[in-house]
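One structure below.
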């Protein structure tokens, strides 16, 4: 690839930050305060920050230890555990983010309803579907023009989404009162005048926020996913660190500073996006306008970068023979043209179906969301494998082997916790979607290696187990329906 078309540390950090900071962050104060006090929220961010650090650090170490393993999440799966595992990582990531991107379309239209009521109410009426489809194909052509150009536009979008958050935090900083913040700090009292109620013990409060804190870091792998287009793998490591620190700081301040201006009870009852409700109360209607514009910019920026990311993995998998060959096509701008087109067509079909889906859409979004989580676990397990067996682990990088092994062990424990916290039932149903990819893998293997068996002996047993679990998942799916 032409070096001029490769991504530097700023563009890569923009990918990470934009992938994590979606429109949902603008309702974080209410989400966190719904059933937790300031003290519990603080503990929750400390626990999550430590856990996610081991995931982020895994990506940093692997980028340095295996600079040849570009398009990380997919490649780590294949190098560590074979082509079938690598395929499942690419397939799962691709499908789940196709659904997630359609979620951005619905959220964008619903956000536009603030400025143009009631035309886009709910985000899934026919006008919303039409306008969402228009944005979907505009993003397709932007990415088709080149990943470098899309990433440059994303840097502008990232700045655009950070500015409203900076205004919000600055206003709150000057309005912050320690006396308010420490009133019922642990949520163990009932204070009627500020709408506070006894929230129960500290542990239940922390647990109630953990699901929120887990999901807001989805996208930490952003720089790794597009690492095949990075100028340097060192830049991938730096970008992951910058993205993690920036988002952790923003999330913590967004959750805690409002509790120095309003009580937990007051914030928990605010309408989404709660940042708009807070700023409107403090500086008037302009505050609400600023934050709602921020939501729209955040959605567009995240939608753009997730489109880049979800088209990369099938492209990389096709290059190594675990996706059909046609997905390896690039255009003159070195954009993964067929992978991008296939992704956009899938998203278009899903977007049309959203109009009819109702509650089924929310359930499907929850199911597909958990499909990204095994990618984290496979990455930490791969790091453990190369450090434990000392498989050519380099001695000249920033992380010594023992340090990397500790990171891998703790990251793996946290990865298992992520899957457990997401819900075993949802994971079982998600396995149905994983199993649907098996024919695609078989087709790809027959195309690239017609004289070899599609599966190794271990992979064959793994595929059988996957199919059995998928059948169990179907039972759960029919129960939910």
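Using N, Cα and C of the backbone, Cβ positions are placed for all residues, glycine too.
Between the stretches 64-84, 127-147, Swiss-Prot puts its transmembrane segment entry on 127-147. Ranges compared are 178-198, 241-261, and Swiss-Prot records transmembrane segment for 241-261. Only residues 6 or more beyond the boundaries of the transmembrane segment (7-27), in the same chain, are considered here, and those with a CB under 8 A from a CB of the stretch are 104, 107-108, 111, 147-148, 151-152, 154-155, 157-158, 161-162, 165, 216-220, 222-223, 225-226, 229-231, 235-236, 238-240, 242-244, 246-247, 250-251, 254, 272-276, 291, 294-296, 298-299, 301-302, 304-306, 308-309. For the transmembrane segment (338-358), the residues of the chain that approach it from at least six positions outside its boundaries are 94, 98-99, 101-102, 105-106, 124-126, 129, 132-133, 136-137, 140, 143-144, 307, 310-312, 314-315, 318, 326-329, 364, judged by C-beta separation under 8 angstroms. Within the chain carrying the transmembrane segment (36-56), a Cβ under 8 angstroms from the stretch's Cβ atoms is held by residues 181-182, 184-188, 199, 202, 205-206, 208-210, 213-214, 217, 220, 240-241, 243-244, 248, 251-252, 255-256, 259, 264, 376, 379-380, 407, 410-411, 414-415, 417, all 6 or more beyond its ends. The largest share of C-beta pairs under 8 angstroms with the transmembrane segment (156-176) comes from 289-309, of the ranges 87-107, 289-309, 364-384, 401-421, 461-481. When each of 87-107, 364-384, 401-421 is scored by its Cβ pairs under 8 Å to the transmembrane segment (208-228), the top-ranked stretch turns out to be 364-384.
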